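Copied over from TrEMBL, here are the features:
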type	residues	note
BINDING	G69, S70, G71, K72, G73, T74, R182, G225	ATP binding site
BINDING	R95, K116, I117, V118, G143, F144, P145, R146, R186, R197	ribonucleoside 5'-phosphate binding site
BINDING	N150	CMP binding site
Amino acid sequence: MWRRQVGALLLRHRSTPSSTLRHHLPLPVPDQSPPLASNLLLRLFTSQSGEGGDGATKPFIAFVLGGPGSGKGTQCVRIASDFGFAHLSAGDLLRSEISTGSEKGELILNIIKEGKIVPSEITVELIRKAMESSDAKRVLIDGFPRCEENRIAFERITGTEPDLVIFFDCPEDEMVKRLLGRNQGRVDDNIETIKKRLKVFESLNIPVVDYYTSRGKVHKINATGTEEEIFGAVHKLFSSLRF
């Protein structure tokens, strides 16, 4: 079973960069060596991983990808509501773990404060546990994997691939326009940092999209137009699927 493989896999594979907190944390960039806090986190997750019963059915897994400002988060909320998906976000899961004040949460926060990226194994383990605890038959994983290393870690640890990858394809100028117009008080929503975020997205996330395209799993959604127009295309796609 894919759950029981987690403990041994975490011991054998050390950390490399992962998905970050969506609003306030560094973008995923390569880091050569994990901090001491990462090693301790891996041991903590290892000590509790692989728990749970046998015989569980793998849920239908959909990765939802798209650049910053592509509108994927908004569409995920509507997909979850209309089609009965559990909606998981790597950034939300990391923030939630930090907010508990647990030893794991404190260590994750320390890694972030050091300017490091939370190891993929830890992020994937949080996703795995969230999938188990939700007991959902259909799961959306929003904004993950952000890079090839994330993808490889997910497939290695869970022993499975996504059934579907949705890519919200949006022109750069439209994403810039949306981000500048959000007015949500985000310090990273200025033209210079937006351009940097888009460059990182292009270099790290597009190879993931290309990989799953080669596997016949990617469905591209034209992410221009109004929210309703975009969801019309999304609804048509999901209505055609057999779960």
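Residue numbers in this text run from 1 along the chain shown.
Cβ atoms here come from the backbone N, Cα and C positions, even for glycine.
Checking Cα-Cα distances from R95 (ribonucleoside 5'-phosphate binding site) against the binding-site residues (G71, G73, T74) with a 10 Å cut-off leaves nothing; none qualify.
A straight line from the CA of I117 (ribonucleoside 5'-phosphate binding site) to the CA of G225 (ATP binding site) spans 34 Å. Residue pair P145 (ribonucleoside 5'-phosphate binding site) / K72 (ATP binding site) shows a Cα separation of 14 Å. When the binding-site residues S70, T74, N150 are compared by the number of other CB atoms within 10 angstroms of each CB, T74 has the fewest. If you measure from the Cα atom of G71 (ATP binding site) to that of G143 (ribonucleoside 5'-phosphate binding site), you get 11 Å. When Cβ neighbours within 10 Å are tallied across all protein chains shown, the highest count among the binding-site residues G71, G73, P145 belongs to P145. Max Cα-Cα distance over the annotated ATP binders (G69, S70, G71, K72, G73, T74, R182, G225) is 16 Å. In this structure the alpha carbons, written CA, of N150 (CMP binding site) and G225 (ATP binding site) are 30 Å apart.
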